[in-house]
Each structure stands twice: as C-alpha cells, then as structure tokens.
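First the structure, in the form of structure tokens, and then the observations on it.
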C-alpha cells in the first residue's frame with residue numbers, strides 16, 4: 001500500500017518500522033522539524049526523523065502545515081492509499097484528511113472516547129484507571145472524534161509509569177495498524193457518552209501539591225515520569241521525586257515526619273525512594289539523606 005507516515009516521538013517509531021517491515025511503500029515521512037535542545041542548544045532530530053533516515057525514507061518537516069500551501073499540495077500529489085498518523089504534533093487541514101483514498105488513520109493511545117487529546121497515557125494513570133489501550137481511528141476534523149476501526153485494551157499495573165505504558169502501547173499500536181491496513185474493519189462511530197479529555201501538559205504541572213491525597217500524589221509521580229516530572233522545594237532548591245511509596249503517618253501537608261523522609265500529604269504520607277537535586281544525578285533516598293539530612297518537621301514546597 002502506498003503510504004505517508006506522520007509522527008514525531010518515540011511512541012510512533014514502532015509503527016513506522018512495522019509498516020516498513022510489512023512491505024508498505026512509505027513515500028513520505030512527516031515529523032516535527034529539528035530543534036535546539038539542552039544548554040548547548042544543539043540541533044536535535046525527533047525519534048521518527050532519525051528512524052526514517054535509518055530506513056532510507058524521505059523525510060518532510062514543515063513548520064506549520066495549515067500555513068504551508070506548497071507542502072499541502074505536495075501531500076495531495078503523493079497519490080496515497082492512506083496516511084498513518086501517530087502523535088505527529090500538528091493538526092491536519094481538511095484537504096489533507098481527505099486526500100488519501102482511505103483517508104488518514106490515527107494511532108491513539110487510549111480507549112476512545114475516553115482521553116481524547118494530547119496526553120492520554122498520563123491522564124489514564126492520573127485518574128487511577130484500571131486499563132487503557134490503543135484505538136485505531138479514521139481521522140476527521142475533530143479532536144480525536146473520528147470513527148473507531150479497531151481497539152484493544154491493556155491493563156495498568158499498580159506500579160506502571162508513563163514510560164512502562166508508552167512502550168507497551170507503542171508496540172500494540174504498531175500491530176493494530178498493520179491489521180487495519182491488511183483487513184476490512186468497518187468504521188464505528190464513537191459513543192456520545194464517556195468522553196473525557198487529556199490536555200497537553202506543561203512544566204508547571206510538575207509542582208507537587210502536598211494537600212492532595214497520598215494516592216493522587218503517587219499517581220502523579222508515576223504519570224509524570226520522566227516528563228514533566230514531579231518536584232517540590234527543599235531549602236529553597238528544587239528536588240525531583242522520581243519514585244515513592246506509601247508511608248505511615250499524618251501531619252501538616254508537606255511536613256517531614258521521620259528521619260527516612262516520610263512526607264505528610266492531605267490524608268496520609270508518602271516516602272520518596274528515588275530523588276534528584278537540581279544539576280545532580282538521581283540517587284536513592286537513603287544516599288541523599290546521608291549527604292543531606294532533613295530534619296523532622298521540615299516543610300517542603
């Protein structure tokens with residue numbers, strides 16, 4: 001099948017590789033442009049860009065498709081059977097959605113209509129969902145509102161982080177989109193009920209609100225690993241909490257309760273087990289406390 005592939009982050013790479021391995025003719029790969037990253041502002045290509053070049057595929061990196069008439073004309077002229085989209089990072093204009101003979105097919109990391117939007121994996125963990133999954137969807141002009149072609153659920157374990165689920169869902173999405181392209185799956189409109197949204201996250205979401213329940217804070221730590229992370233303030237400096245576990249005790253939210261760094265939350269307490277100071281490597285909490293003792297009664301945040 002003659003395809004375009006549109007994706008940017010690591011989540012999309014397994015699908016690109018699976019389509020290529022299955023023998024589909026991928027005539028163009030669209031992804032976000034290279035951007036400066038880190039303190040040195042070195043130009044960095046996104047994971048899909050690097051994977052596509054390794055496969056010898058043509059890469060297109062338009063900055064804004066909606067404003068790029070020439071790029072949209074190029075896309076329409078590709079004579080595509082379908083376009084496969086996976087976390088591309090841009091909204092596709094209407095003329096592109098209908099250009100391929102089978103339209104544009106999206107790999108979405110949730111069981112639609114639950115968690116439409118930019119951060120469905122994070123949202124599922126934050127909500128305490130027992131499961132999530134992947135939906136292969138026929139795209140329309142709405143935000144993840146298109147008809148469902150195929151979906152499969154994945155359980156969320158009590159210790160699963162965003163990265164754990166990301167890897168499993170990426171592999172599942174690759175397998176499901178191959179099935180859809182090779183088979184005949186009639187589109188099923190999404191139900192009107194059960195719609196929830198997963199908005200885009202920002203660095204501001206990293207700050208821990210210690211007045212929240214221990215369960216909510218633990219879910220945030222799992223959901224926001226590695227980005228945007230979860231952090232608090234200790235002695236005026238940022239302290240990232242990368243892993244944590246439930247702990248006994250109660251107190252004023254944000255207060256250190258014992259010499260092993262149990263921290264009071266809105267209803268109970270948590271104990272960080274892996275932390276990171278600004279500019280330092282991550283370390284076990286025990287090692288951190290040996291070099292940086294924290295007195296009982298210290299307030300964080």
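Heads up, the Cβ atoms here are built off N, Cα and C, so glycines get one too.
Look at Swiss-Prot and you will find 110, 111, 112, 113 tagged as (6S)-5,6,7,8-tetrahydrofolate binding site, backed by sequence analysis.
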Other C-beta atoms that fall within 10 angstroms of the C-beta of residue 112 ((6S)-5,6,7,8-tetrahydrofolate binding site): 26
Cβ within 8 Å of the mean position of the Cβ atoms of 110, 111, 112, 113: remaining residues of the chain near (6S)-5,6,7,8-tetrahydrofolate: 108, 114, 115, 116, 120, 133, 135, 144, 151, 190
Set of same-chain residues at least 6 away whose C-beta sits under 8 angstroms from residue 110 ((6S)-5,6,7,8-tetrahydrofolate binding site): 116, 120, 121, 123, 124, 132, 133, 134, 135, 198
Assigned element (helix, strand, coil) containing residue 113 ((6S)-5,6,7,8-tetrahydrofolate binding site), judged by DSSP: coil
For residue 111 ((6S)-5,6,7,8-tetrahydrofolate binding site): intrachain residues, at least 6 apart, with Cβ closer than 8 Å: 131, 132, 133, 135, 151, 153
